[in-house]
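Colleague: Swiss-Prot lists 128-165 with the feature repeat 'WD 1'. According to Swiss-Prot, the feature repeat 'WD 2' maps to 170-209. Per Swiss-Prot, the feature repeat 'WD 3' maps to 213-250. Among the features that Swiss-Prot reports, repeat 'WD 4' is placed at 254-293. Under the heading repeat 'WD 5', Swiss-Prot lists 302-344. Here Swiss-Prot flags 346-387 as repeat 'WD 6'. Taken from Swiss-Prot, the feature repeat 'WD 7' covers 390-429.
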Amino acid sequence: MDAGLNRCPLQEHFLPRKNSKENLDRFIPNRSAMNFDYAHFALTEERKGKDQSATVSSPSKEAYRKQLAETMNLNHTRILAFRNKPQAPVELLPSNHSASLHQQPKSVKPRRYIPQTSERTLDAPDIVDDFYLNLLDWGSANVLAIALDHTVYLWDASTGSTSELVTIDEEKGPVTSINWAPDGRHVAVGLNNSEVQLWDSASNRQLRTLKGGHQSRVGSLAWNNHILTTGGMDGLIINNDVRIRSPIVETYRGHTQEVCGLKWSGSGQQLASGGNDNVVHIWDRSVASSNSTTQWLHRLEEHTSAVKALAWCPFQANLLATGGGGGDRTIKFWNTHTGACLNSVDTGSQVCSLLWSKNERELLSSHGFTQNQLTLWKYPSMVKMAELTGHTSRVLYMAQSPDGCTVASAAGDETLRFWNVFGVPETAKKAAPKAVAEPFSHVNRIR
């Protein structure tokens with residue numbers, strides 16, 4: 001589909017018109033701004049000069065006249081004034097303080113420009129429109145993986161090339177989740193038949209299949225070094241050590257319905273899980289045991305709808321953001337050390353996904369009905385910085401580029417869009433001040 005034909009170019013910014021009181025169409029003087037005494041003097045001075053031509057003014061009198069005119073500001077006074085003079089600025093500080101302020105101006109960080117439209121759009125036909133699945137991920141090698149029905153495609157952001165990784169058999173599919181390993185080479189693929197396949201993207205070779213742990217589809221995946229955590233419709237969360245023959249090392253039981261969100265913290269010590277039972281669990285890796293069912297560290301029950309959107313803060317330890325579904329519509333912030341809810345913000349619509357900026361104190365959320373938008377928030381004030389529109393269906397999936405600048409979003413409208421929303425970090429600007437932006441100005445098909 002040629003989505004690019006519907007894109008609107010950047011609108012030219014027009015300056016606002018001046019106040020209508022100043023847009024005068026006739027040259028009618030403003031009487032309140034006129035000095036009638038000086039006007040009479042100026043108009044009659046030349047005639048008086050002719051009548052008194054015999055009288056020769058001395059140099060001292062001429063100098064006195066000029067000095068008097070300068071003092072009274074007569075040389076700069078118009079006879080016909082069409083508007084009032086602007087009011088003189090009020091001196092709020094003593095002159096010595098004012099001078100010091102002019103000598104040391106305060107530096108103000110310019111506001112970052114945030115494009116309101118997507119920079120690139122790829123066609124994503126047959127993407128499964130299911131809130132509980134996770135079908136998009138961007139690996140550390142700058143390759144984006146997306147599952148379209150039974151097929152997994154890889155899009156190389158560095159070259160713009162597209163390749164097919166695997167097409168799953170009908171009896172096993174469709175693909176229900178996908179997640180890159182930290183090395184950016186190996187990718188896990190969750191299936192509708194409860195299996196998880198591990199693939200080498202460099203050689204397009206299947207390495208192994210994990211099965212027997214779940215009884216139904218695997219809708220969420222999360223890597224923690226060599227541990228692959230899987231979440232199923234059966235409510236189970238399983239830690240798999242992919243290095244060993246019998247991979248299951250821990251099983252977490254706490255959700256009563258499908259596990260639709262999984263995220264490990266940056267330290268790898270805590271796991272957040274969200275489910276269709278409206279519950280968020282925090283699990284501690286240090287107390288996990290393979291001998292018995294592991295108890296959660298915190299059980300968070302404040303949401304009133306399914307919790308799929310989970311995001312650990314990159315700049316503040318133990319800070320977790322969670323988003324609720326259509327019956328909840330809130331973003332909540334948690335201290336996972338104490339289990340306390342720090343803040344709750346009503347977004348007005350279903351929260352499908354959350355991403356923290358790696359470079360700024362900002363949070364991006366994707367939403368469903370009615371606007372199907374991406375909203376950028378300033379943290380911790382939670383003031384809206386921008387709303388990005390373009391999708392015509394709920395924005396179910398988001399993924400962030402390795403450099404943290406670009407976000408990819410996929411929706412039920414069968415489009416994959418790229419947004420330059422988070423900006424370039426200051427370190428990258430200093431290292432490459434003349435970097436050329438990627439040519440995100442046309443539309444390609446992903447297959």
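Backbone N, Cα and C atoms are what each Cβ position is placed from, and that goes for glycine too.
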Colleague: Between the stretches 128-165, 302-344, 346-387, 390-429, which wins on the count of C-beta pairs under 8 angstroms to the repeat 'WD 3' (213-250)?
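Modeller: Checked against 128-165, 302-344, 346-387, 390-429; highest Cβ contact count belongs to 128-165.
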Colleague: May I ask you to check whether the repeat 'WD 4' (254-293) and the repeat 'WD 1' (128-165) make contact, with contact taken as at least three Cβ pairs under 8 Å and only pairs 6 or more apart in sequence counted?
Modeller: yes
Colleague: Mind pulling out the one from 302-344, 346-387, 390-429 with the most Cβ pairs under 8 angstroms to the repeat 'WD 1' (128-165)?
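Modeller: Out of the listed stretches, 390-429 contacts the repeat 'WD 1' (128-165) most.
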Colleague: Six or more residues out from either end of the repeat 'WD 6' (346-387), which same-chain residues have a Cβ under 8 Å from its Cβ atoms?
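Modeller: For the repeat 'WD 6' (346-387), the list is 114, 116, 131, 305, 308-315, 321-326, 328-331, 333, 393-398, 400, 403-405, 407, 409, 411, 413, 419, 421-426.
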Colleague: Could you give me the DSSP helix, strand and coil counts for the repeat 'WD 7' (390-429)?
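Modeller: Computed counts for the repeat 'WD 7' (390-429) are 4 helix, 13 strand, 23 coil.
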Colleague: Where DSSP helix means H, G or I and strand means E or B, what are the helix, strand and coil counts for the repeat 'WD 3' (213-250)?
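Modeller: Tallied per class, the repeat 'WD 3' (213-250) gives 0 helix, 22 strand, 16 coil.
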Colleague: Looking only at the repeat 'WD 2' (170-209), what is the mean pLDDT?
Modeller: 98
Colleague: Taking helix as H, G and I and strand as E and B in DSSP, count the residues of the repeat 'WD 1' (128-165) in helix, strand and coil.
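Modeller: The composition, in the requested order, is 0 helix, 20 strand, 18 coil.
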